[in-house]
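A.B. asks: Sharing a structure with you now.
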Amino acid sequence: MALSREELEVIERGLGRPPSEVELALFRSHWSEHCSYKSTRMWLRRLPSRAPWVVRGPGTDAPLVEIAEGLFVTFKIESHNHPSAVDPYNGAATGVGGIIRDILTVGARPVALLVNLHFGPLDHPHARWIASNVVRGISDYGNRVGVPVVGGETWFDEDFTYTPIVLATCVGVVEKGKVPPGGVETGDLIVVAGLGADKSGLGGSAFASKTLREESEEDLGAVQVADPLMGKKLIDLVQEAVGCVKFIKDLGGGGLATALAELAEWFGLGVEAELDKIHMSDREMGPAEVLSSETQERLVFVVSPQGLECLKSLLEKYEVPYSVVGRFVKSGRVRLLWRGEVVGDVPVWLAAKAPEMVWPRESYEPPPLPEIPEPPIDKAVELVLSSPNVAVKEAIYRRFDFDVGVRTAVKPGEGDAAVLKLYERGNLGIVVKGDANPRYAYLDPRLGAANAFVKAYRNVAVAGGVPKAAVDSINVGSPARPAVYWQFVEAVEGLKEAAEALGVPIVGGKVSLYNEYGDRPIKPTVAVVVLGVIDDVSTALRALWRDGDGVYLWGFTRGEVGGSEYMYRVHRLVAGRPPSVDYAAEKRIVEEVQRWRGRLTGAKDVGVGGLAAALAKMAVASGVGADVDVCKAPTDMGRLDYLLFSESNGRFVAAGEEGPGVKIGVAGGDRLVLRCGSTQLFSRSVDGLKELMSLGL
């Protein structure tokens, strides 16, 4: 992507001369929207990121959250939307590889991956091609590097037919003493390790900073190529290298241009790099290409001269190619050489920060919810339960090796969130879940973002975790569209409100702009991943009940069907406002589940598809039916369709001999029966539900 005229003027003023070709390459990469956040960082600074347990927040490759004395968890989210649109297999695989390397920068061992995937309808050939290859790319890479894919969220909507949203989150664990210490000083060396530089991924950050069009398949060269074997070597290398090195940085988006500029800025020093010294797979590359190359499976290590031999011995042990390409100096400049000649010399202050861009904003009102007739309930239940957005996602998660590493205590499909055992501290575990709802975010971006936050928070709580931290990913169209930029700003405000009200800091995130195809932007997609702590993973709750259990509903059901799956599937409408948020009620769910945790068989939150979907999912997961009187649910309305399909927040279903909230039924038999008093509304065998709710991919 070309620099704007205004940006070129800033560069020329800062340098006092026109930039060289190599300097232009540096600015094109590092000042791209993908790397610089020039249109968004002024808003992202508003997000709360501090708490006593947050050791390191946003601003570096990976945060650190202390979950037990001396034990840190790190987690980070990344988008790979544009690459996955044109080469879904490599786009998704390299997205997973990149987020794993972010986690490695703090010396952590990656223990889990989550994916938030948004595709077009599966009956569309192109959308199906993207979906199947994205899933294959994630599966192949995660399985081969030995990091389990333990959960996530999948959504289907026409907006994502040509512009998928592919988000990967990696979770890692590290002891306090194994985090690289920092303390970088002049004379320290810069070592690049991993695959040799080549032209794959060249211009990838610029590619991710423009809209997709029909000719975007010509951008295949901007998509990096994954190499999970080298990725696995880097994982193993880092576990031993932390004793040799001062700092680790992922060599990803923006290539060496971004890595050098960020390292110099972070440590308040200058850097001098000999670009011709880097090991290359393609010897035809010139200095500008080497600087901008986004070849995958590479890390930058900062090491003292005394520590170099220690690092080199490990690199040779793991057969990882490497180059000593530069050093830190006092100059406060990024100085680039090629075969002994200076080809770039830029002040760090100029290279580090692209000028901020604040775009015009224009709000809009969502379509109002019209008066609609109440449909036949049994047909409505069938339509909602057969929706791909409600369906059981076994067709996706069965392709992932979610048991590798033997930490996964609650597996995909078993509960509202993934639960992982941390062998470093007995039965201590972490609970993690990601959520997004593009319909909500389109209708009301602020409320939609808050809904994503509370849904992920509630999923963690209902599984038995105490939420501790969150990361987010905001995915929208071009910021040059006033309505789109308004969507982004409103989403930030919704996240800020939720994080402050719930007391959960946002320790990292990702913004992806220009998610459009032709002239059509996607529905804004605001994903939130919440991580919590559970003191004993053996008491984690799955979305199950046993024969004879009472079925209980905690929370109040309102007539909140705006943006719901019911309105879309049954009435073909995307209208109204998303459900309201009661933060106090969400926090009470944490307390309630903690109080009942040891006495319940299982629990499940009520979300997309409403109470009907929650009950059906528990029946399918358990292999046991239930007889439920939905009219016993606390509510202030009389419409049965709204009672069954409302997506009101602050609710969960629990099962056990006793339970929280109101008893609405009893589990047992091989059929799920929904009724109102003595009137049967819906009845289906558990096997029939499995067939109805299966996702065909």
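Using N, Cα and C of the backbone, Cβ positions are placed for all residues, glycine too.
If you look up Swiss-Prot, you'll see H34 marked as active site, on the strength of sequence analysis. As annotated by Swiss-Prot, ATP binding site applies to Y37, K76, D472, G509, with the evidence given as sequence analysis. Residues or ranges marked as Mg(2+) 1 binding site by Swiss-Prot: E78. According to Swiss-Prot, the substrate binding site annotation covers S79, H80, N81, H82, R101, Q224, E294, T295, Q296, S512, on the basis of sequence analysis. The feature active site, proton acceptor is assigned by Swiss-Prot to H80, with sequence analysis given as support. Swiss-Prot lists D102, D250 with the feature Mg(2+) 2 binding site.
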A.B. asks: Hey, what's the Cβ neighbour count for the residue listed as 'Mg(2+) 1 binding site' at 10 Å?
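C.D. replies: Here the count is 26.
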A.B. asks: Which one is closest to D472 (ATP binding site) in space, judged by CA to CA distance, out of the binding-site residues E78, N81, E294?
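C.D. replies: Nearest by Cα distance to D472 (ATP binding site): E78.
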A.B. asks: Rounded to a whole angstrom, what is the C-alpha distance between Q296 (substrate binding site) and G509 (ATP binding site)?
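C.D. replies: About 21 Å separate the Cα atoms of these two residues.
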A.B. asks: Per the record, substrate is bound by S79, H80, N81, H82, R101, Q224, E294, T295, Q296, S512: how many Å separate the farthest pair of Cα atoms?
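C.D. replies: This binding site's residues have a maximal Cα-Cα distance of 20 Å.
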A.B. asks: Where E294 (substrate binding site) and D102 (Mg(2+) 2 binding site) are concerned, what is their Cα separation in Å, rounded?
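C.D. replies: The separation of the Cα atoms works out to 14 Å.
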A.B. asks: Where the distance is taken from Cα to Cα, which of the recorded positions H34, Y37, D250 turns out closest to S79 (substrate binding site)?
C.D. replies: H34
A.B. asks: For the ATP binding residues given in the record (Y37, K76, D472, G509), what is the largest pairwise C-alpha separation in angstrom?
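C.D. replies: 17 Å is the greatest Cα spacing among the residues binding ATP.
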A.B. asks: What are the other residues, in sequence order, whose C-beta lies within 8 angstroms of the center of the C-beta atoms of Y37, K76, D472, G509 at the ATP site?
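C.D. replies: Going along the sequence, the neighbours come out as L44, P58, I77, V471, S473, I474, I506, G508, K510, V511.
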A.B. asks: If I take the alpha carbons of N81 (substrate binding site) and H34 (active site), what is the distance between them in whole Å?
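C.D. replies: N81 (substrate binding site) to H34 (active site), Cα-Cα distance: 11 Å.
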